[in-house]
Amino acid sequence: LAQSLFALFASSLAISLVFAIIPLCHNVVVLAVVMAVAGLAMGCIDTISNMQLVKIYQKDSAIFLQALHFFVGFGALLSPLIADPFLSDTNCILSNSTANASSNLPHIRKSLVPHHPGNLSHYDLPMKGMVVTRVSYAFWIMALINLPVPIAVFFLLYKERMVPCFNSSSRPLLSADELAMETRPTEKDDLSTAVQRPHAAGGHDDLFSCCQSKNFRGASYTYFAVHITGALVLFMTDGIVGEYSGFIYSYAVEEPLSVVHKVAGYLPSLFWGFITLGRLISIPVSYRMKPATMVFINVVGVLITFLLLLIFSYSVVFLFVGTASLGLFLSSTFPSMLAYTEDILQYKGCATTVLVTGAGIGEMVLQLLVGSIIHDQGSYSFLVCGMIFGGLAFTFYAFLLFFHRMYPKPSSDMDDASPDKPAVMDDTGQYQR
């Protein structure tokens, strides 16, 4: 826990520093390095926050994961609104030809669509003059908004007596006994203290314990298959989130739809808005519905939505309806898949790292792949790619269900005594081989 909190503190503080430094970067290499640091920090936060929620709440983690990812979507929806007032509607460099250049901007944007790069030589853009953009303020505001996060994490470290210089006077927020009562069934208090010791000795004190080879000795092939298929499902679904939000604008302004630029600009916001709404709805739904059922509904919904988008590809109205529907179905896929996979693997914690990594790789790779395909084949291939990725996500999920049936169940004498909490004995971190 101490390592996780220190990593969260360092990562969240690094993000504030990066956002403050970005406007001061006048060299593209320096900017690339700064953005790489931001990516590493965000990856650490993503992995650790998911992993700790799973380890703390275990069977009940689905609700907390849905809440966590609701705030992820809420932040993605809110940050463009913060930046929008500081974005210039005209050219950012003020010169004598600014007025002429500003009138050409819609044509330039149209020409910059990947499939039709066009010839930009006849557009007169000023390259020298006084810079009038105020976009730097947006970065500095975001840096200030993020600053309370590392402060709150440091306060938690202080209250838990994990800061070496301030560990004498502070009182922990929860004692070990109270925390055990919160995370384990009350009727099994005597058993919970017994299983807590081997749970701590199972390697959870080390952030990299799940990477140690001793944890894989004697593991069946289904143990690795569940990790791989779960990661592949998120590779596809998170990749769809990245490529759809990144290219829906370019698809809409191209033929045959030819949506007006300002109207097309609402599509990514609509997509993220319904992702946020879907995650908010999923918080109470996950209390009643199993994660496996939620993932099934999500992947089937994504597949059907892309199929309808292909059928009604000439309808602007259905493009907006389909974008909202797609955001709704993709919203809870990640937290539900995480809760489901960790449930299969008895909450060892390694699945979280594998799944988060798979999702991040998918978001990066599929955007590059779809961008190059749109450039070569045209805008219609955007929906075809989405349909293929949705089909692959459903296929990998079917394999995951198969391997779940094959995966050996944990043997426990307590299962009959505690039908509502079959994973009590799983807190030892031991796998049934």
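Placement of Cβ uses the backbone N, Cα and C atoms for every residue, glycine included.
Feature annotations, courtesy of TrEMBL:
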- 411-433: region 'Disordered' (REGION)
- 30-49: transmembrane segment (TRANSMEM)
- 61-82: transmembrane segment (TRANSMEM)
- 137-158: transmembrane segment (TRANSMEM)
- 223-251: transmembrane segment (TRANSMEM)
- 263-281: transmembrane segment (TRANSMEM)
- 293-312: transmembrane segment (TRANSMEM)
- 318-340: transmembrane segment (TRANSMEM)
- 352-374: transmembrane segment (TRANSMEM)
- 380-403: transmembrane segment (TRANSMEM)
| task | Please check if the transmembrane segment (293-312) comes into contact with the transmembrane segment (223-251), where contact means 3 or more CB pairs closer than 8 Å and the residues in each pair are separated by 6 or more positions. | result | yes
| said: Short question: most Cβ pairs under 8 Å with the transmembrane segment (223-251), which of 30-49, 61-82, 137-158, 318-340, 352-374? | reply: 352-374
| query | Ranking 30-49, 61-82, 352-374 by Cβ pairs under 8 Å to the transmembrane segment (263-281), which is first? | reply | 61-82
| query | Where among 30-49, 61-82, 137-158, 318-340, 352-374 do we find the most Cβ pairs under 8 Å to the transmembrane segment (380-403)? | reply | 352-374
| remark: Other same-chain positions with a Cβ less than 8 Å from the transmembrane segment (318-340) and lying at least 6 residues past its termini are 50, 54, 61-62, 65-66, 68-69, 73, 230, 233-234, 237-238, 240-241, 244, 248, 252, 257, 259, 267, 270-279, 281-282, 285-286, 290-292, 294-295, 297-299, 301-302, 305-306, 308-309, 312, 351-352, 355, 359
| query | Is the count of Cβ pairs under 8 Å between the transmembrane segment (137-158) and the transmembrane segment (61-82), pairs 6 or more apart in sequence, 3 or more? | reply | yes
| query | When you scan the chain for residues with a C-beta under 8 Å from the transmembrane segment (61-82), skipping those not six or more beyond its ends, what do you find? | reply | 49-50, 53-54, 138, 141-142, 145, 269, 272-273, 275-276, 278-280, 282-283, 286-287, 291, 331-332, 334-336, 338-339, 342, 347
| task | Grab the same-chain neighbours of the transmembrane segment (352-374) for me: Cβ-Cβ under 8 Å, and only residues 6 or more beyond its ends, written as numbers and ranges. | result | 43, 46-47, 50-51, 54, 114-115, 210, 227-228, 230-232, 234-243, 246-247, 250-251, 334, 337-338, 341-342, 381-382, 385, 389
